[in-house]
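Report on one structure; see the data block that follows.
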Amino acid sequence: MEKATGSPSVGGSYPQKNAEILSSQYGINLFLAGLLLTFAWAVHAVGISKSHLLSYLITLMLIQLLWMLWYLCRSCTQRRLIRDKDTHAGARWLKCGITLFAVITLILDSFKIGYYIDFSNCLSPTEGIFPITHAVHTILQVYFLWCHAKDIIQSFKTLERFGVIHSVFTNLLLWTNGVLTESKHQLNEHKERLITLGFGNITIVLDDHAPQCNCTTTTLCSIFSQGIYYLYPFNIEYHILASTMLYVLWKNIGRKVEHHQQHKTPFKFHGITVGMIFGLIVLTSTIAIVVVYLIQIGGSKIKSELALTMFYLHAIFVLALMCTAGIVALLIYRLEDRSLDNSKNPARKLDAELLVGTAAGSWLLSWGSILAIICAQAHPKYTWYNLPYSVLVIIEKYIQNLFIIESIHREQEKANDDIKTLRIVTISRGSTLSLTPSYKEIYNGRAACDSGEAPCLLKGSICRRENGGGAAAKEEKSQENSSVMHSTSDFSIYSSNSGTNNKRRILKNIAAFLFLCNLSLWIPPAFGCRPEYDNGLEEIVFGFEPWIIVVNLAMPFSIFYRMHSAASLFEVNCKT
């Protein structure tokens with residue numbers, strides 16, 4: 001039997017720490033083995049085919065399915081027990097987001113099944129088994145995350161650590177496989193586009209894994225093969241979100257949680273109209289730019305250069321707006337006096353680490369572009385727009401990370417300003433008194449003293465009832481002082497409350513605007529609009545293969561950064 005977590009005894013702490021270390025090492029080795037198989041298939045290693053990689057992934061998914069079924073059955077038998085929950089993990093909006101991505105992933109699996117049926121004569125059976133297994137894995141995993149993402153596991157902790165970490169790295173390998181498949185498709189298109197820009201000195205060798213046989217139904221094959229690559233961005237986001245939620249579950253195993261009331265923060269459209277309008281304008285214009293870019297790029301040299309110029313100018317304008325909004329939000333935070341919440345929170349810590357870690361992908365690409373512009377001997381006109389674009393990418397992510405991290409660490413107000421109690425401290429005859437009518441009562445003029453029924457306090461009361469000859473004059477004077485005091489307090493509280501609400505409204509609009517902007521900037525690279533590939537300048541300076549390797553490694557992190565930032569900004573909007 002395992003001792004309870006947090007026990008002061010040595011025997012109760014070291015086994016659990018060892019289990020955490022052993023499970024993490026198991027997961028890393030699992031991932032490295034799969035990564036090596038993926039790399040071997042990508043470079044056409046002798047004796048390694050796609051069926052070997054898919055067989056490995058199928059095995060991992062089946063093991064995870066067995067573990068999830070065991071966990072769900074055990075939870076059903078113990079459903080009457082009261083379990084600890086991490087209220088910060090597995091937010092409802094996050095579950096809805098992963099469900100949306102999972103639904104599109106199921107459509108992708110159905111396309112792969114149709115693709116296998118059409119090319120069944122020359123494809124390995126694993127390419128038909130993989131999408132079926134993946135679809136079952138997706139359905140059960142989403143159900144598992146909906147029901148148990150908040151769990152804090154306190155029994156069978158060693159076994160559960162291995163089960164959860166196995167699930168984390170299985171999703172990471174599925175993410176890696178999706179990234180590689182989608183990147184190879186983008187790379188083939190990129191090589192063809194470089195010809196139209198006049199980069200004839202770059203060796204163009206297409207790397208295609210298309211089956212070497214005819215399709216049974218040409219129209220369906222074309223739909224399946226093209227549709228698959230438009231759905232991969234959603235599949236990639238699904239797996240990375242699932243791995244992060246499972247990682248938080250792994251970090252919560254055996255954790256002791258302080259029981260306190262969690263304030264619900266529902267999303268409301270009220271008060272964010274300005275931010276939503278500007279954000280939707282950016283989103284609409286970005287979709288239009290991407291459509292035009294994909295149509296024009298590769299058509300001819302002139303069309304390609306115009307498409308690149310159009311993309312850079314639009315991105316520079318959007319990034320400049322985002323930088324300005326972020327700076328305004330940080331200045332508002334500097335004017336506020338609110339403490340930070342430094343309590344232990346695995347979900348919040350992971351959010352901050354992912355923001356900084358994945359931003360490094362974009363920073364790497366931006367510094368590469370800046371260096372290429374400085375070192376290049378010839379500069380086509382459109383490449384000069386790349387310089388301010390790359391600089392703004394670095395600055396914008398730096399500012400946005402500061403805003404998001406500070407926002408998620410700021411303590412929530414425990415009560416709204418309009419229901420707080422006003423405490424007025426006065427000094428009368430050397431005594432300190434406190435009158436405590438509610439703010440609404442004071443503001444609406446319904447305090448007890450105004451109605452002539454002020455309570456008779458002991459010694460030193462300012463609302464004392466007197467029956468002497470000067471009672472009327474004293475009462476009138478007392479009411480006059482009370483009226484002045486109330487009006488002054490009303491004005492100061494109203495001004496303070498109004499100022500706080502205005503700041504909060506501005507912050508909510510900024511968060512909504514940045515949320516939609518990050519969704520907008522996620523669309524271009526996710527759907528093939530990648531100027532880092534298409535402008536050709538970096539390939540000349542660094543060499544074709546080195547730069548392509550850098551882009552293929554950094555781009556997935558850059559894409560994930562935008563989606564993760566959008567999710568974090570959604571949470572910021574709910575909290576503000």
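Positions of Cβ are set from backbone N, Cα and C atoms, glycine also.
All TrEMBL annotations are machine predictions without curation.
Remember, it's a predicted structure, so these values are computed and weren't measured experimentally.
Noted in TrEMBL for the protein shown:
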| type | residues | note |
| --- | --- | --- |
| TRANSMEM | 26-47 | transmembrane segment |
| TRANSMEM | 53-72 | transmembrane segment |
| TRANSMEM | 93-117 | transmembrane segment |
| TRANSMEM | 129-146 | transmembrane segment |
| TRANSMEM | 229-250 | transmembrane segment |
| TRANSMEM | 271-295 | transmembrane segment |
| TRANSMEM | 311-333 | transmembrane segment |
| TRANSMEM | 354-379 | transmembrane segment |
| TRANSMEM | 510-528 | transmembrane segment |
| TRANSMEM | 540-561 | transmembrane segment |
Can the transmembrane segment (540-561) be said to touch the transmembrane segment (229-250) if we require at least 3 CB pairs below 8 Å and skip pairs under 6 apart in sequence? yes
Spell out yes or no: are there three or more C-beta pairs under 8 angstroms between the transmembrane segment (229-250) and the transmembrane segment (271-295), with each pair 6 or more apart in sequence? no
Criterion met for the transmembrane segment (129-146) and the transmembrane segment (26-47) (at least three Cβ pairs under 8 Å): no
Best-packed against the transmembrane segment (510-528), counting Cβ pairs under 8 Å over 53-72, 93-117, 271-295, 311-333, 354-379, is stretch 271-295
Tertiary contacts of the transmembrane segment (271-295) (same chain, 6+ residues out, Cβ under 8 Å): 307, 310-311, 314, 318, 321, 505, 508-517, 519-521, 523-524, 527-529, 573
What parts of the chain pack near the transmembrane segment (354-379), using Cβ distances under 8 Å and only residues at least 6 beyond its ends? 244, 386-387, 389-391, 393-394, 397-398, 401, 404-405, 532, 537-538, 540-542, 547, 550-551, 553-558, 560-561, 564-565, 568
Near the transmembrane segment (311-333), which residues from the same chain, at least 6 beyond its ends, have a CB less than 8 A from one of its CBs? 278, 282, 285-286, 289, 293, 382, 385-386, 388-389, 392-393, 395-396, 399-400, 402-403, 406, 410, 503, 506-507, 510-511, 513-514, 517, 520-521, 524, 529, 531
